[in-house]
Amino acid sequence: MFSYCGGSKMFPLRVTCFDHLCPRAPSTSSEGSCRPLRSSISAQVPDPTFISLKPMEITFPPFDRQAHIRGDKRTAPSALTVDKYVSQDLSQLAPSAEEMVRAMLIDLQMVNDMLLDQVQTGDSYREVACRWIQSNQEVWRSWLPDPTTCFAQFGLYHEKSGQYVADRGDPTDLSCKACLSGTYSHKLVDLQGLTFNCLPCPTGSAQPSGASLNCEQCQRGEYQDEPGSKACKRCGIGEYQDEEGQTGCKPCPPGTTTLGFGSKSAQECGCDVGSINSMEEEEAVMCVPCMEGLHCPFGSNLPDLRRGHSTLGEAYVPQLKKGFFATLEHPINVFKCGTESHCPGGQPNSCAEGRQVTPCSECPRGTSWVDETCAQCAAVTMVLWVLVVILFFVGLTMAYYLMNPEIRSIATPREAMGMSLSLTVAFLQCVAIMGLMTVKWPNSFQAVSLTSKPFMLDIEDFSFACLADGPTSVRYVSTILVFPAGILYLVWCYFASSRIPCCYNWSKKKMQNTVGHFIQVGFSTMSALALDPLMCYTHPNGQQSLLQHPGVLCGTQEHSMMMLAGFVLLFCGVFSFLAVCTLAVIKLPGWSVSSGTTVQSFAFLFTRFRPNRWWYGVPLLLRGPLLSFCVVAFTDFPPAQTTGGIVIILGFLLLQVMACPWKLPLLNVLDTWVFAHLLLLQSLTTSAASEEDQDLHFFQEARGGVRRSPWVYQHIHNQGNYVHAFNFHQSFQRQRLIIVSS
């Protein structure tokens, strides 16, 4: 209740009041009546009206509630206390003022004396209070706080030195000042009582704010090794901290690092870029360098590699690159695929549609690779292969009649067509052999080399597995049997023809010449097939596979079987035929004088060339095998393959230019022009793969330069003069060769 009484001045004070314990209607005047007003509590200006009567405190018996209910008002509560109320944040804003208010104490007699002084002098309350202060210094000086008695959030500060001090042994020039950032207010009890001083934050903690009562411990991922710090330091790269309030960070396990600063646990340590955790358990760590073909971002591990995703995000998923393969059981044991498109990369054990066998080298049994997928062998495929086999034997039969014309000094149109066809086949065989080199070719050349594969009996992409169903070694042996099968067929035809009327009998010499033509045309192919088991390229994991059959690992039993078959073909086919042809070239001048029929058996070897260049057939046989040998000797070193190819092609090109061996002059020009382009193409393979388009453009420009070069022009001009000036008959006479036709 708020009471307003006549002659008194009362001021409201907002304070919460509960029940009867609060004075709700004080009054000081006998005049009039009090009018109660609603209020929390009341405050009263001192009223000296009754001070001259020397009032005394009357003590009533203790308050009796039941008596009050019955109307007996002779009991009263005990004397009320005089409380002091201040703002709740005064201790923070002005702690000294609050301390003075707490210490201020005036007894009732002093108050009565001041009231009496006002009555007697008539002065204002302010003047009376000032006189009291001036005459009672010993009373109020005890109210003033000690300048060295600091409160919480403050500390002892020396004004002259500008430094915080730890004690107040010498109080001179000491005061209290709010603690700075990096320090905290610490309670200090000494002989003079309680005070506070500012201490630096210990290591492992920091305090960014001033006037603080404590320091904050460094969080996980942070540390502080210096006292009095405003902030904690973050753990560096390769470190972590999984505890609070630490003075240092823990190093990551050997070989691992962190993605950034402030790592909070050992789980944030991972293998660095280019390495992968080879342990199956994620808790254990053993980082190993990633092999070629394996993309390893930060934090790579086996589980992420197998499942194809990472908790760190898509950018941190380890995966195989395109053209490489690995099994789920050994995902970091990387194989290099023979054909890049067969291995899409990504997760281990990923192959193009339907392919299998490490590394994605074959289609399942009963299927073949058609239109970028493994398709079931269709009946029409088998029929087509049977037709191919039939056409092969029919072609051999026709060759007997087409490749044994009457020997002439001047090339007939049929001979010219045969020589052109022979030169084309030789060119395509060279292109196919160059396609075996593990170098980066322009896309246009790759397309040509793919179409040239059948000339090397590389027919895996033509559903050959549907005809020769079985392991790779069986298909390889089936392929090399083409040559003995063709030879045996011609020999069989020779003996079979003897049992039919004489007009259909085959001549032994012509049959031998046909066999020679057959082996000569396929000599480069035969040598490449024989050397095929020796072309082992190395996988990133150190194992080796056959270049043409990546599913066959070198050193295995299957590889040994293929090597045995290859050596038989090499010695019984390649070396034997080369030895026979070499002997024939040496003996040919004598045979031409003494035995014309013997010459007919080796007509395939010299009839395409000018009489004085009859020996050119043997060096020409070596071109394909030498190119194949470059692949065998330097399978894992593309630059060496390129260098070897350049040397071989350049050597044969120079020999061709100097010898001009072909009987048909135009073929000399064509042979020179074609292999000059092959030489140029070989030289372009030294360029970077990223410059492939520029290489191709340069090749096109250089090809035009070859056509316009003076050297080629002079060679063509000489060949034109040679057409008019060369006399084939006189040349035969000079070489004393007697060509006897059959």
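We number each residue from 1, going along the chain as drawn.
Including glycine, each Cβ sits where the backbone N, Cα and C put it.
Keep in mind that this is a model prediction, so the values were computed, not measured.
Residues annotated as domain 'Tyrosine-protein kinase ephrin type A/B receptor-like' in TrEMBL: 221-269.
What TrEMBL lists as transmembrane segment is 382-403 (among others).
For 415-437 (among others), the entry in TrEMBL reads transmembrane segment. Outside the transmembrane segment (415-437), and at least 6 residues removed from its termini, the chain residues within Cβ reach (under 8 Å) are 402-403, 405, 408, 445-446, 448-450, 452-453, 455-456, 458, 521, 524-525, 528, 535, 547-548, 607-608, 620, 623-624, 627-628, 630-631, 638, 641-642, 645, 662-664, 667, 670-671, 674-675, 678, 681-682, 685.
What TrEMBL lists as transmembrane segment is 476-497 (among others).
For the transmembrane segment (560-586), the residues of the chain that approach it from at least six positions outside its boundaries are 472-473, 476-477, 480, 483-484, 519, 523, 526-527, 529-534, 546, 549, 552, 602, 605-606, 614-615, 617-618, 621-622, 625, judged by C-beta separation under 8 angstroms. Annotation comment: TrEMBL describes 560-586 (among others) as transmembrane segment.
What TrEMBL lists as transmembrane segment is 614-634 (among others).
Per TrEMBL, transmembrane segment is recorded for 640-660 (among others). Among residues of the same chain six or more beyond the transmembrane segment (640-660), those with a C-beta under 8 A of the stretch's C-beta atoms are 434, 437-439, 610, 613, 616, 619-620, 623, 626-627, 629-631, 633-634, 668, 671-672, 675-676, 678-679, 682-683, 685-686, 715, 718-719, 722.
Beyond its flanks by at least six residues, the transmembrane segment (614-634) meets 426, 429-430, 433-434, 436-438, 520, 523-525, 527-528, 531, 534-535, 547, 574, 577-578, 581-582, 585, 588-589, 604-606, 608, 640-641, 644-645, 648-649, 652, 655, 659, 661, 735, 737 of its own chain at Cβ-Cβ distances under 8 Å.
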